[in-house]
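Presented below is the structure to which this report refers.
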Amino acid sequence: MGAAVARWTVAAVLLQVAGLSLFLYGFFPVKPTLSGFSGTESYGMPSCSPVGAGEQEPALPPNQLRSLYRELSGVPPVYDRLMLMVIDGLPAEFVLGRGGKPPSKEMMESMPYAQSLLAGCKAAGYHAKAAPPTVTMPRLKAMVSGAIGGFLDVAFNFNTQAFLEDNLLGQLHRIGCKLVMLGDETWIKLFPTLFARQDGVSSFYVRDTVEVDFNVSRHLEFELAAKDWSVLVLHYLGLDHVGHIGGRRSVLMAQKMKEMDDVIRQVHAASLQDNLERTLLVVVSDHGMTEGGNHGGSSYEETDSLALFIGHSVERPHCSPYDQNEALQVDLAPTLALLFGVPIPKNNIGVLLPELFNSLTDEQKLRTLELNSWQISRLLQAQIPAFCLEDCINSEDGLGIDVRHESIEKKFCHLLYNAFASHRSSRLHQGSDFKSDEARYVATAADNYYGFLRYASEWLSHRATDKPFYLLISAILMMAMSCLCLMGTMSHLFKVQALSQADHHSDSYLDQRWHLDEVFILTGIFLYVISLGSSSFVEEEQYTWNFLTSTLYLIFLIKTVQSMLKGSNSTLVHRVKGKSSDRNNFSYAVSYELTPGKQDGYKLCTVLTVLVSGRVIRAWHQGGINWVHFPDISKLLAQADSSIVKSLQTISVLAVVALYSVSLMLLRARSKFVIGIWLSHVSCGILVLMHIWENQINTVLPVNHSTSIARLFYATASVSISATLLASPWIFPIYSTEAKPASSDSNPVKHADSHGISNSVFLTGITYTVFWCLLQLLLQQPINAIPLLLIFLQTVSSVAHFSLDKTLHKQWVQGIALQFLGMAGHFGLGNTNSLASIDVAGAFIGISSYSTVISGILMFIITYGSPLMLYLGMVIYISVNGCDDISTRWQLKQRYILDKMVTLPCLLPLLVNSVALTSYTIVLLLMRNHLFVWSVFSPKYLYVCAATVCTYVGVFVIAMTAAYNCAVFSFRARSYRDTSH
């Protein structure tokens, strides 16, 4: 049966992977774009006839092309030189305040020069909303192309490829502008051939807050004195790294902002000395940051990016510097394109910012709006085949269209007709003696243009890309078939087990009634699946898992108390005692040394430990997204003295070391190999303590010695775990003694064989779990030390509770309970379904430079530390529950033992994950046009996919460990029998 189950399980997993890959390909396609670069055609009205995808005007020398653009546009370039300064991660409210109120006193004092420019009306500041995902690479693309990228750009952010779409830098390069770039190497990866001079720094090694900015500023004096460039890009990363390490309120934040303000002063002073009229300084940020300093999601704090323009065209006599001037990040591309006299990028959906064109005449301002409208219209024609600009303008009844009941193309026609009609009227009244009438017509035309542009921009930005519906349905059917296959396999397994139990007259399954814990688990999983259709439940999923886990263990507590009151455990214990009196198992397996009273006490203590630990973990991090501002233990510790947090970390490490030592003592193995494993574990604990005490909380770049400590830990832990896995089945005896057993008495051989496998798997499992816990204590945020210790205690206590009385809960209930604990711990460590909660800083501990693969693995390890710990704990579970009823010769075969140890612990996680994955895939398809599809449902789907990978990894470790141990014991038994004959 085991081979058949394995084949069906592997087939189901492969089918699930194929369905998931197909769905991801269909649901997250590469967004459709217009190919090529805008050219001279962008200065003429779009025609309704289709244009060839690759058609471009003949190539002209840069100087001629610049002159041709200037002649056709009708709008003179306002500037000749651009200084684009990107301050990564700077929230706009740090500079512009929030809700019409100025920023805090500390923030204003941190950037005095920028504040003086705003107060003196020499700069225009905007809260430029960034679209999710709020990570660097897609935000830079949006700023230079005006296009919103696909959602999966969050994945491509870690492995940037060359950007081939139409963009502002490419347009400037075509007219002969010389570009220089200093800072984040993402620019170099996006535009590998555009920069005449460049000096890139890694944007992902977030432990560096000093050198990463010094490498940019050290070139400033030379570049500001140079006269050969037209575009200077400066991308400073230090402020973003400060946020990742210490959050918004880091002690380094004000210092870093003062450093950025000094750079603004230096750059602006150079532009004043050079040529005041022809240089524009633009200070922008790619995204904001949460209170904890992370980003990636769609909250206001993450999307609130800065756009600050300093130049002669924005100066005005009167201004309100802290008004909530709002824009979109994509508005930067059309604004800069028209200010510098180049065509607007083809795929731009942004709208130019009018306050930056104060130096132009009214007719020139309307011309810029007309050019922006023509460019947007071309994009609309590509998206809506029925839409045609010529037909809209020539329509005589355009003003009579009822936009409330017409199709979307009719609505766009109506808005465009109004804009062009009012523009014609303003031309007719140009030079009129009545200046007030002329100004009124110009204002009306501008309002109509902006009405069309904003409506079209919003429609384009929120329009879901066309998805191949039948392809998505096919993918879901594949995943549903995989889920049904796993259900069928599980059902067949239960039937076979029930028949086997009945044949052997087992008391464990004499009572086939549904119990409260079983009904609750099935009901809870059903309610969880239903909750996935609610955006609020998705955002606050931690409440679902806290409720399910705490209630399930409360039911376990009730059942334990009931069993104690009935006094029924005494008979069962003595029956098991009779079966295993000749076995020398560890204490929290079915131990013959425990009296019924002691067993009841231990059962009660273990379940209470899980409940109390769960309540503390629940209070550690408050809320997921909507209630994150509420007070909790982690916030109190963040404000406390660093020595308190370090003390808690030290206590956690010492407790883990002590628990491991006790576990090895209970194993009663005194071989040199086990002592060596214990010594390596103690060494790793010391290394973690050294790392803790050498790293200050909320401080700058860690010393190199700390990196060496982390690397030494990785090496020691890897060697110890590998050695334990490979050697443990060789050190335990296959029989009670190495002497040949008597042929007349075979029972001791059987029991001793099972006992050796159990001890070997137990040693491997406890080593896995403890070293994983130490790794988490090394990588996780310092305030998570106690929750990690409590999750470890929950794991050990749960295994102990289940092993003390195997008849109290069915085996599938026990396996799902461990999964519930893993998910509750996942959210208890501060994780949410927002990409912003991913801990980027911890992914660079122990590495001195950025590596996509290594950093990605460490990020995954940190994020799924709790579920993986419970999967590793399941290896301990199978060691104390997998061989409890092996009592006959045919059951001692390798396949049977492997089936008893592996089948159910591997099938359960795969089935539960398959139900969640298939259900949420259906939800995502139904919500494909929902307002929150990209901000709530899609990020959650990425977490579901990552949880699937986590499940595969956990199941592989369980299966691989058990299979290797069984194979070695089978080989040793055959060799022993061969040498005995």
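Every residue gets a Cβ built from N, Cα and C, even glycine.
As written in TrEMBL, here are the features:
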TRANSMEM  6-28  transmembrane segment
TRANSMEM  469-494  transmembrane segment
TRANSMEM  514-533  transmembrane segment
DOMAIN    518-963  domain 'GPI ethanolamine phosphate transferase 2 C-terminal'
TRANSMEM  545-565  transmembrane segment
TRANSMEM  673-693  transmembrane segment
TRANSMEM  713-735  transmembrane segment
TRANSMEM  756-779  transmembrane segment
TRANSMEM  785-804  transmembrane segment
TRANSMEM  816-847  transmembrane segment
TRANSMEM  853-880  transmembrane segment
TRANSMEM  901-926  transmembrane segment
TRANSMEM  941-967  transmembrane segment
Does the transmembrane segment (514-533) come near the transmembrane segment (901-926), with 3+ Cβ pairs under 8 Å (pairs 6 or more apart)?
yes
Open item on the list: Can the transmembrane segment (6-28) be said to touch the transmembrane segment (941-967) if we require at least 3 CB pairs below 8 Å and skip pairs under 6 apart in sequence?
Closed with: yes
Next item on the list: Please check if the transmembrane segment (941-967) comes into contact with the transmembrane segment (853-880), where contact means 3 or more CB pairs closer than 8 Å and the residues in each pair are separated by 6 or more positions.
Entry: yes
For the transmembrane segment (469-494), out of 713-735, 756-779, 785-804, 816-847, 901-926, most C-beta pairs under 8 A are with 901-926
Among 713-735, 785-804, 816-847, the most Cβ pairs under 8 Å with the transmembrane segment (545-565) come from 816-847
Comparing 785-804, 853-880, 901-926 for Cβ pairs under 8 Å with the transmembrane segment (756-779), the winner is 853-880
Per the Cβ filter (under 8 Å) with a sequence gap of at least 6 from its ends, the transmembrane segment (785-804) is approached by 556, 560, 588-590, 594, 599, 602-603, 605-607, 609-610, 613-614, 616-617, 620, 645, 648-649, 651-653, 655-656, 659, 663, 769-770, 773, 776-777, 814, 817-818, 821, 825, 828-829, 865-866, 869-870, 873, 876-877, 880-881
